[in-house]
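Asks: Sharing a structure, written as structure tokens. Questions coming.
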């Protein structure tokens with residue numbers, strides 16, 4: 001049975017990747033269908049109730065700069081906001097928000113339901129319709145076929161998902177949801193490499209059974225940060241505290257005593273878990289010398305008693321979970337509301353994707369989120385936006401787009417995945433980026449919003465606000481460069497008390513701001529130098545662009561050298577055995593990876609600069625030298 005309408009883009013799955021993919025395609029004018037097994041769980045935060053953090057906050061800002069929903073929803077749902085690394089340089093500062101699950105889900109659903117060009121339909125997908133290596137639609141559980149030349153799969157942990165608690169296990173996509181078995185079996189028929197990964201979640205605790213007086217209170221920041229460039233503090237709901245406690249030697253003894261019934265340590269789970277978010281049993285085993293581990297006690301919302309104990313993700317049997325929880329200071333009488341568990345699921349080797357997130361094997365089929373081996377809401381949302389955008393571009397007959405590594409953390413993420421692949425759940429860190437001074441949270445809009453506007457992702461309101469901000473920054477920089485103060489100026493009496501060394505020669509306001517003891521807000525408060533910019537985002541940009549101008553210029557020069565051959569395209573049909581001069585090892589690796597560009601090829605382990613030179617000569621001789629989009 002065929003549905004009565006055709007769609008330009010179909011998105012399968014309504015998590016963080018799926019919602020951003022559907023919204024992106026619809027914003028660009030494509031007639032879009034979002035298929036989900038349950039409309040009520042669209043935008044669900046399946047694991048921790050938080051958005052942002054080191055590297056992750058940068059991705060959220062980039063999603064926002066391209067018109068996405070994640071940051072906006074976080075501003076409306078965030079019950080505690082903090083700026084991490086605030087004492088460090090701007091490149092590694094990151095915003096993190098504790099979020100009310102219900103408010104976040106509610107805001108995402110509201111955005112989806114009010115998005116033009118977007119239809120939502122509740123049905124699980126069991127099959128893909130593929131003809132001559134081209135996707136042409138999907139078939140749902142009840143045999144209903146939907147036709148489309150572009151399909152984005154954002155299946156999360158649902159593909160052959162298996163939930164483990166102790167030595168017991170059962171099929172599930174997450175707690176309370178069925179797995180996608182039929183779709184997983186269908187995908188295994190495709191010429192794409194498949195593997196298994198695992199992730200986990202901690203038990204949820206009843207707040208009424210916790211003694212918070214035994215814990216350290218952790219308040220949010222003041223003044224309050226915002227996540228979206230369009231956000232405002234007035235959007236935030238009531239702000240509340242989190243708390244900190246620790247495991248102890250007794251906790252560790254209980255965990256060690258239960259390892260024989262752990263699915264991870266008894267060989268029941270084969271999938272590899274996230275390195276940077278390990279289970280508590282993994283921490284105790286790997287860091288046996290540590291006598292305690294920190295636990296963040298995080299409320300799940302304003303109108304729920306559920307507490308998320310961040311740091312004790314576990315798949316141990318329930319009796320062991322209860323004992324280990326009650327061994328922790330402040331939780332001696334705690335009651336578990338939901339047990340912790342591990343979930344194992346299928347993922348597909350992202351090296352089989354183009355950097356548009358389209359599969360190399362099937363035209364029009366895109367993957368985004370955990371299906372590509374990543375972990376985290378932010379990583380999923382960023383991929384979803386890119387996949388939905390490129391699906392829409394393809395339907396419109398336009399070239400795909402993906403930012404370079406020097407343009408966005410999204411570019412780093414996709415390049416890492418499509419070039420190097422991953423054997424464990426991949427999460428973003430600032431340390432993964434070579435050019436992180438240019439890839440800051442604060443300038444994500446300056447880097448990406450103009451491109452988003454060109455692609456059709458950015459609406460009029462965001463574009464107007466961005467243009468106004470950009471103009472105010474430029475005018476203020478011109479003012480600082482054009483106004484001067486000299487030793488005999490009447491302004492000097494107000495200025496000198498704020499300087500480590502008094503002014504001895506004429507200096508521009510810009511030079512004064514560059515001094516280490518001076519910052520923008522301080523300079524603007526001195527009589528005769530203000531009033532300056534009212535918009536704190538614009539003021540921050542002025543300060544960073546002035547103070548770091550030398551470093552930024554140097555990094556830009558490095559990038560200009562590096563990108564000379566970065567985008568030189570490599571035909572996916574090229575058989576590297578035909579390239580004379582390449583070693584057998586290099587030939588095998590290049591034929592295995594099928595890189596899209598010289599830049600990607602150069603980042604594959606074992607591909608030498610000499611091999612790259614040989615490739616460039618071969619391409620030139622064959623008339624194949626071309627620049628990738």
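Cβ coordinates are placed from backbone N, Cα and C, and glycine is handled just like the others.
Per Swiss-Prot, the features are:
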- 13, 14, 15, 16, 17, 18: FAD binding site (BINDING)
- 273-287: NAD(+) binding site (BINDING)
Asks: Among the binding-site residues listed here (14, 15, 18, 273), identify the one with the smallest other-Cβ count within 10 Å.
Replies: 273
Asks: Enumerate the residues of the same chain, 13, 14, 15, 16, 17, 18 excluded, that satisfy the criterion Cβ within 8 A of the mean position of the Cβ atoms of the recorded FAD site; list them in sequence order.
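Replies: The answer, listed by sequence position, is 11, 19, 20, 21, 36, 154, 156, 368, 369, 380, 384.
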Asks: Quick one: among the binding-site residues 16, 283, 285, which has the most Cβ atoms sitting within 10 Å of its own Cβ?
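Replies: When each Cβ's neighbours within 10 Å are tallied, 16 tops the list.
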Asks: If you count Cβ atoms within 10 Å of the Cβ of residue 17 (FAD binding site), leaving out that atom itself, what do you get?
Replies: 34
Asks: Ten-angstrom check, please: count other Cβ atoms within 10 Å of the Cβ of residue 13 (FAD binding site), all chains counted.
Replies: 31
Asks: Are there any residues at least 6 positions away along the chain from residue 277 (NAD(+) binding site) with a Cβ closer than 8 Å to its Cβ? List them or say none.
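Replies: Listed in sequence order, they are 199, 313, 375, 425, 427.
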Asks: Quick check: of the binding-site residues listed here (279, 283, 285), which one has the Cα closest to that of residue 13 (FAD binding site)?
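Replies: Minimum Cα distance from residue 13 (FAD binding site) across 279, 283, 285 lands on 279.
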Asks: Can you tell me the CA-to-CA distance separating residue 285 (NAD(+) binding site) and residue 14 (FAD binding site), as a whole number of Å?
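Replies: So the Cα of residue 14 (FAD binding site) lies 36 Å away from that of residue 285 (NAD(+) binding site).
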Asks: On the three-state reduction of DSSP, what should I expect for residue 18 (FAD binding site)?
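Replies: In three-state terms, residue 18 (FAD binding site) counts as helix.
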Asks: Express the distance between the Cα positions of residue 287 (NAD(+) binding site) and residue 16 (FAD binding site) as a whole number of Å.
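Replies: Answer for this pair: 33 Å between alpha carbons.
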Asks: Under 8 Å between C-beta atoms and at least six apart in sequence, can you list the same-chain neighbours of residue 281 (NAD(+) binding site), or say none if there are none?
Replies: 255, 258, 259, 262, 264, 265, 314, 315, 316
